[in-house]
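Peer 1: Would you mind keeping the following structure in view while I ask a few things?
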Amino acid sequence: MAYARALLKLSGEALMGDQGYGIDPAIVQAIAKDVAGVVASGTQLAIVVGGGNIFRGLKGSAAGMDRATADYVGMLATVMNAITLQDGLERAGIPTRVQTAIEMQEVAEPYIRRRAIRHLEKGRVVVFGAGCGNPFFTTDTTAALRAAEISADVVFKATKVDGVYDKDPHKYADAVRYDTLTFQQVLSGELAVMDSTAIALCKDNNIPIVVFNLFEAGNIGRAVAGEPIGSRISN
C-alpha cells in the first residue's frame with residue numbers, strides 16, 4: 001500500500017463507455033471490481049465524479065443558457081452518477097456513502113468534512129457529488145479541493161489515455177508521453193490535464209496527481225500500490 005488515503009477523479013465520460021451518452025453498467029461494474037481491491041488493501045478511498053456523460057455546463061452555456069444555471073444542471077448530473085456508482089460499489093460489497101455539496105437529504109448526505117473523514121476511517125468509500133456547490137468551478141477543481149480538505153496523499157485522475165502527452169495522442173502519432181513532470185510545467189505548458197485552478201490547488205497543497213488509463217483492468221489498484229503507471233505530476 002503506497003498511499004494511506006487517496007482521491008480518485010472519474011470523468012462522467014468515462015462512465016458512458018462507448019455508448020455516447022448515459023451510464024454503461026459494465027464500466028461501473030469494472031470500476032467497482034478495481035475499487036474493491038483497493039479497499040481490501042487498506043487504502044482509504046474517496047471519489048469525485050463528473051457529469052459530462054449527461055450534461056456539461058460549458059456546452060449548455062455555449063448553446064445560450066445562463067452559465068451559472070447550466071453549471072447547476074451539470075452538478076445535478078454528477079449526483080446521478082454518484083448514486084449510480086454507489087449502487088455498483090455496494091453490489092460489489094463495498095460500503096459507500098454519497099455526500100453532495102448541494103443539500104438533498106432524501107438521496108444523499110450533505111457534504112460535511114469531518115463526517116467524510118470518519119467514513120473513510122471506517123473503511124467506507126465516499127463519493128462526492130454536485131461538484132463544490134458553486135458554478136464556474138469544474139469537477140477537477142472539486143477533486144483538488146476535496147483532496148486538500150480530507151488530507152489525501154494523492155489525486156488519481158482516471159482518463160481515456162495512459163498519461164499526459166505534449167499533444168493529443170489521438171490526433172498526433174508522434175505525441176510524447178511524460179512519465180513525470182512538475183505542476184509548473186503543466187501550468188506554463190498549458191497541458192491538457194486539469195484546469196489551472198485544480199493544478200494550482202494541488203501545487204499549493206503539495207498533493208501529487210497521477211494520470212492513468214481507467215480502461216485497463218486493475219489500473220486503479222496499480223496506481224494505489226504506487227506502481228509506475230501513467231504520468232505523475234508533483235512539485
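Positions of Cβ are set from backbone N, Cα and C atoms, glycine also.
Per Swiss-Prot, the feature ATP binding site maps to LYS9, LEU10, SER11, GLY12, GLY52, ARG56, THR159, TYR165, ASP168; the stated evidence is sequence analysis. What Swiss-Prot records for 17-22 is region 'Involved in allosteric activation by GTP'. Summarising the annotation, Swiss-Prot assigns UMP binding site to GLY51, ASP71, CYS132, GLY133, ASN134, PRO135, PHE136, PHE137, THR138, THR139.
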Peer 1: Other Cβ atoms within 10 Å is the metric here; tell me which of the binding-site residues GLY51, GLY52 scores highest.
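Peer 2: When each Cβ's neighbours within 10 Å are tallied, GLY51 tops the list.
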Peer 1: Cβ atoms within 10 Å, counted per site: which of ASN134, THR138 has the most, among these binding-site residues?
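Peer 2: Answer returned by the neighbour count: THR138.
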Peer 1: How far apart, in angstrom, are the most distant Cα atoms among the UMP-binding residues GLY51, ASP71, CYS132, GLY133, ASN134, PRO135, PHE136, PHE137, THR138, THR139?
Peer 2: 15
Peer 1: What's the number of neighbouring CB atoms sitting within 10 A of the CB on PHE136 (UMP binding site)?
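Peer 2: So the Cβ neighbour count for PHE136 (UMP binding site) comes to 11.
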Peer 1: What does the structure give for the C-alpha distance between LYS9 (ATP binding site) and ASN134 (UMP binding site)? Integer Å is fine.
Peer 2: 18
Peer 1: Across the region 'Involved in allosteric activation by GTP' (17-22), what does the mean pLDDT come to, as a whole number?
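Peer 2: A mean pLDDT of 87 is what the model gives the region 'Involved in allosteric activation by GTP' (17-22).
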Peer 1: Counting distance between Cα atoms, which of the binding-site residues CYS132, ASN134, PHE136, THR138 is nearest GLY52 (ATP binding site)?
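Peer 2: Closest by Cα: THR138.
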Peer 1: Find the shortest Cα-Cα separation between ASN134 (UMP binding site) and the binding-site residues SER11, THR159, ASP168, and name the residue that gives it.
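Peer 2: Nearest by Cα distance to ASN134 (UMP binding site): SER11.
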